[in-house]
Amino acid sequence: MSELLLRLNFLLLLLLSCVSPSSFVTFNNPVVGLGACGPHQIQAFTQFKNEFNTRACNHSSPWNGVWCDNSTGAVTKIQFMACLSGTLKSNSSLFQFHELRSLLLIHNNFTSSSISSKFGMLNKLEVLFLSSSGFLGQVPFSFSNLSMLSALDLSDNELTGSLSFVRNLRKLRVLDVSYNHFSGILNPNSSLFELHHLTYLSLGSNSFTSSTLPYEFGNLNKLELLDVSSNSFFGQVPPTISNLTQLTELYLPLNDFTGSLPLVQNLTKLSILALFGNHFSGTIPSSLFTMPFLSYLSLKGNNLNGSIEVPNSSSSSRLESLYLGKNHFEGKILKPISKLINLKELDLSFLSTSYPIDLSLFSSFKSLLVLDLTGDWISQAGLSSDSYISLTLEALYMKQCNISDFPNILKSLPNLECIDVSNNRVSGKIPEWLWSLPRLSSVFIGDNLLTGFEGSSEILVNSSVQILVLDSNSLEGALPHLPLSIIYFSARYNRFKGDIPLSICNRSSLDVLDLRYNNFTGPIPPCLSNLLFLNLRKNNLEGSIPDTYFADAPLRSLDVGYNRLTGKLPRSLLNCSALQFLSVDHNGIEDTFPFYLKVLPKLQVLLLSSNKFYGPLSPPNQGSLGFPELRILEIAGNKLTGSLPQDFFVNWKASSLTMNEDQGLYMVYSKVVYGIYYLSYLATIDLQYKGLSMEQKWVLTSSATIDLSGNRLEGEIPESIGLLKALIALNLSNNAFTGHIPLSLANLVKIESLDLSSNQLSGTIPNGLGTLSFLAYVNVSHNQLNGEIPQGTQITGQPKSSFEGNAGLCGLPLQQRCFGTNAPPAHQFKEEEDEEQEQVLNWEGVAIGYGVGVLLGLAIAQLIASYKPEWLACLIKSRNR
């Protein structure tokens, strides 16, 4: 059972134990239940229900309803899961239920709602669950009035501030504030350490910090679960942790803890110990392998070294999951580990050992289900079919193991469900026997030297494979017919040619199809409207984009850029309400600008560059462009005309400096592949800079870019452009814009790349541009500008080519003097230009990331020219080992 399910069951059992005898009343009809609810309570409940959109409710669910006391008729419990949508206001009828003892409002949609101070009026509450419901801001201090609370769950919201609200909550047994934005230093005198009845405490995935984990945690000696994962704690774990003798689960991962592993030998009830992703050093105490109830141990990603000693008595160990990867152990570690015969999951990935791993040493693991040897040196002899590896094995990961032959060991594994041998040197053809493994569902063999398939084009059809990743090989010829069970298929960066087979239309379970960077020709099959993600970029496809998207089509991402497509943009895309990415750039599509797509509530990326779009870019109402979530707009190289209204940039997503901060670092969609692994979709961007085009992986969720260059736009640049504070790149070059450079550009505090060249702009360059500290590239050449060039560091560091073609400009870096200043020697500019060109040519090896100086600034400044989604098969442990 997963960690999440264990926790949920624990909380629900506690909740049920707090419910007093009462009558249940359905959501639809609060009058049933023998009239248990009083008339005033019925009226208040009806008012509360009407405050929200309840279309998502399962009205027959026993989890959604209200309970009333049999004797008084007062509402004592309200419970709604994944049901309510709207704003929970401070004048809500909810706060009329003064006899409430249990309130469960989880997985609802109270987006942009703060937690009202009125909750403090419900001072008889014993259980309060508000998790996963979109609450934001600080928890009001009035919570300290809820002195009867025994369980409080505020997890998975957008809450901030400190934990001062727990003062006076002395009866708390359960406190979960994980997955929020709580912060600050946990001081020894914090009210948290006065909650001596706590049995469950989760502070994970916040921003708490401390020079060391407070010793006072040792005072909470009734704790059964403690989670401080994914915070900013550092230093050594205090020895007082050994006082928590009731602990069954201890989570300290993804912090900056140092020193030796914490002393847990006294914690004899411990079943889960997660310490991964820290800086622990030294050796592993052998006593860890003899703890009587320990079943899960993750030490992955630390600085542990030395040998591993496992006592002979460990054969009776209950340890089932052991994660030791990414450490620096010495010697032959497999032999001692082989004594842990009850292991089901074993991670030895990226071990820095000087000895090859001999798979025959795994023969003692009779129940092994998952084995991860990614990044290890594997003995070639151990890959033969004579290996003694457990027949129970369900998942085997041998990525980046320098394997040159397809491992025949797989033949003898009838229960194998998931295999990863990607990023090796495997050559030749994929063996026919692979597709006969009866339970095989996920195959990752990308980034090898494979050239084809053994057998006929029908060889895959009857396979049980659901996920197949063949990326970055040398596969050629026609695409084989896919398995009938296929859900996810990626074969990007190969040499497949011919038509996309129509047999794909019979694969009703297919969600993801990624065939980009091949040599496919012919039309796009019209039957792909059921897909979630379709990527056909950089092939030789012809015809039009099929206009076959039905109502509520599930499409999230469509990329058909760099083909030979013609016709119009399909109007049926209006039916794709989940669409986030749309890229049709570099084709021959002839159409007007698709204003109609603004009804798509989730569209973030729109790439139409280098087509034949024509007509006005100004909206019909002469107002804002009106796309609610759009943040990357690339429409360069078309025939769009007209002027932009002053409100064109009003109400754009990029107006917020904190845009998408709650959505993680990268644009990503993940789904479970096998148990503890995920397959992730990551978006990518084509980076355009001075004629150079580079593909960059991992688009930041906080990136906002606009490229309107190479059209026929005219008139003034709207001052409303200054509202887009999250913008990092703006390209309006090669148009016919007139008037002054907007002063509001100085408000673009994140801007890194600004190109206004080849227009008809006049006046001076605003001094405010010189104060933009991230501005790494600016080009205003070939306009009608005059006056002195601002002398900020980011401006004077530009080459003179960025300002030439403006007869009235003067000052550095040009040679024209302003008010008697002397021009620097000519050879200085030559050196600057040579240096800049060298930087540009060296960009391809630069990773995405914010940095200092012109080189890194330029790299990040251009993280935007055109969106290009890419399917990547990422193996990420769900337990965040």
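The backbone N, Cα and C atoms fix where each Cβ goes, glycine too.
Quick look at what Swiss-Prot annotates:
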SIGNAL    1-21  signal peptide
TOPO_DOM  22-844  topological domain 'Extracellular'
CARBOHYD  Asn70  N-linked glycosylation site
CARBOHYD  Asn91  N-linked glycosylation site
REPEAT    122-145  repeat 'LRR 2'
CARBOHYD  Asn145  N-linked glycosylation site
REPEAT    197-219  repeat 'LRR 5'
REPEAT    220-244  repeat 'LRR 6'
CARBOHYD  Asn243  N-linked glycosylation site
REPEAT    245-267  repeat 'LRR 7'
CARBOHYD  Asn266  N-linked glycosylation site
REPEAT    268-291  repeat 'LRR 8'
CARBOHYD  Asn305  N-linked glycosylation site
CARBOHYD  Asn312  N-linked glycosylation site
REPEAT    319-340  repeat 'LRR 10'
REPEAT    342-364  repeat 'LRR 11'
REPEAT    365-390  repeat 'LRR 12'
CARBOHYD  Asn402  N-linked glycosylation site
REPEAT    413-437  repeat 'LRR 14'
REPEAT    507-528  repeat 'LRR 18'
CARBOHYD  Asn519  N-linked glycosylation site
CARBOHYD  Asn575  N-linked glycosylation site
REPEAT    627-651  repeat 'LRR 23'
REPEAT    725-748  repeat 'LRR 25'
CARBOHYD  Asn731  N-linked glycosylation site
CARBOHYD  Asn779  N-linked glycosylation site
TRANSMEM  845-865  transmembrane segment
TOPO_DOM  866-881  topological domain 'Cytoplasmic'
Q. Where Asn731 (N-linked glycosylation site) and Asn779 (N-linked glycosylation site) are concerned, what is their Cα separation in Å, rounded?
A. 9
Q: Could you tell me which three-state DSSP class Asn70 (N-linked glycosylation site) falls into?
A: coil
Q. What residues in the same chain, six or more past the boundaries of the repeat 'LRR 14' (413-437), come closer than 8 Å to it by Cβ-Cβ distance?
A. 374, 389, 391-407, 443-455, 459-460, 462-465, 469, 471, 483, 673-674, 677, 873, 875
Q. Could you give the mean pLDDT over the repeat 'LRR 25' (725-748), rounded to a whole number?
A. 95
Q.
Return the count of C-beta atoms lying within 10 angstroms of the C-beta of Asn70 (N-linked glycosylation site), excluding that atom itself.
A. 14
Q) Counting across all protein chains shown, how many other Cβ atoms sit within 10 Å of the Cβ of Asn243 (N-linked glycosylation site)? A) 18
Q: For Asn519 (N-linked glycosylation site), name the DSSP secondary structure in the helix/strand/coil scheme.
A: strand
**Q.** Inter-residue Cα distance where the pair is Asn305 (N-linked glycosylation site) and Asn243 (N-linked glycosylation site), in Å
**A.** 27
Q. Would you list the DSSP helix, strand and coil counts for the residues of the repeat 'LRR 6' (220-244)?
A. 5 helix, 7 strand, 13 coil
**Q.** Spatial neighbour of Asn145 (N-linked glycosylation site) that is closest, considering only the glycosylation sites Asn70, Asn266, Asn305 and their CA atoms
**A.** Asn70
Q. Counting by DSSP, what is the helix, strand and coil composition of the repeat 'LRR 5' (197-219)?
A. 5 helix, 7 strand, 11 coil
Q: Please report the number of other Cβ atoms within 10 Å of the Cβ of Asn305 (N-linked glycosylation site).
A: 14
Q | glycosylation sites (Asn145, Asn312, Asn402, Asn519, Asn731), the one with most neighbouring Cβ atoms at 10 Å | A | Asn731
(Q) Let me make sure I understand the structure: which of the glycosylation sites listed (Asn266, Asn575) has the fewest other Cβ atoms within 10 A of its Cβ? (A) Asn266
Q. What is the nearest of the glycosylation sites Asn70, Asn91, Asn779 to Asn402 (N-linked glycosylation site), using the Cα of each?
A. Asn779
Q | In the chain carrying Asn779 (N-linked glycosylation site), residues 6 or more apart in sequence that have Cβ under 8 angstroms from it | A | Ser733, Leu754, Asp755, Leu756, Ser757, Gln798, Ser801, Ser802
Q: Among 245-267, 268-291, 319-340, 365-390, point out the range having the most Cβ pairs under 8 angstroms from the repeat 'LRR 5' (197-219).
A: 245-267
Q | Tertiary contacts of the repeat 'LRR 7' (245-267), as residues 6+ beyond its ends and Cβ separation under 8 Å | A | 3, 6, 199, 204, 213, 221-237, 239, 273-282, 284-285, 287-288, 291, 293, 298-299, 304, 880-881
